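Comments concern the structure below.
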Amino acid sequence: MAVERTLSIIKPDATRRNLTGKINAKFEDGGLRIVAQKRVQLSQAQAEQFYGVHRERPFFKDLVSFMISGPVVLQVLEGENAIARNREIMGATNPANAAEGTIRKEFAESIEANSVHGSDAPETAAQEIAFFFAGIELVG
Ligand code: IDP
Ligand code: MG
């Protein structure tokens, strides 16, 4: 196992319901360290670029609208196997399929408004962290 970093986003459905602290507790209790964090309002262009891999999917337009419907919290999480570990803590994309105790099981409103984003592989984690954070913001 190696220490990794992954990009996490607390999505607008969760910031709207004041769930940032409860979600952060899930990460910390699950062994991940929040090494960078900022609350921002994404622009449409930023959301479209970030989710560019899904551009051809039928839900793309709605997803972008949702992601700019309110503030998000951008985070870098660090720990052993952080990329896979974070996805375990988040639970399945569709909350109907998410395991007990996961963020999405407890907090997600729908398959779209599912409270959190997490990178899915080392390459995407590195790209997504660099998309939102400057090196000087990552102090470990
Ligand atoms: P992930 O967030 O679990 O990695 P992805 O397949 O990468 O899931 O999808 C990105 C995001 O797009 C999801 O978190 C969710 O917000 C949204 N999404 C995925 N599938 C659907 C769908 O079938 N309908 C509506 N939104 C979806
Ligand atoms: Mg994904």
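From the backbone N, Cα and C atoms, a Cβ is placed for every residue, glycine too.
Sequence annotations record features per position, and here TrEMBL assigns domain 'Nucleoside diphosphate kinase-like' to 3-140. According to DSSP, the domain 'Nucleoside diphosphate kinase-like' (3-140) comprises 64 helix, 28 strand, 46 coil.
Marked as ATP binding site by TrEMBL: Lys11, Phe59, Arg87, Thr93, Arg104, Asn114. Spatially close to Phe59 (ATP binding site) yet at least six residues away along the chain are Glu112, judged by Cβ distances under 8 angstroms.
Counting only same-chain residues at least 6 apart in sequence, those with a Cβ under 8 Å from the Cβ of His117 (active site, pros-phosphohistidine intermediate) are Leu7, Ser8, Ile9, Lys11. Annotation source TrEMBL lists active site, pros-phosphohistidine intermediate at His117.
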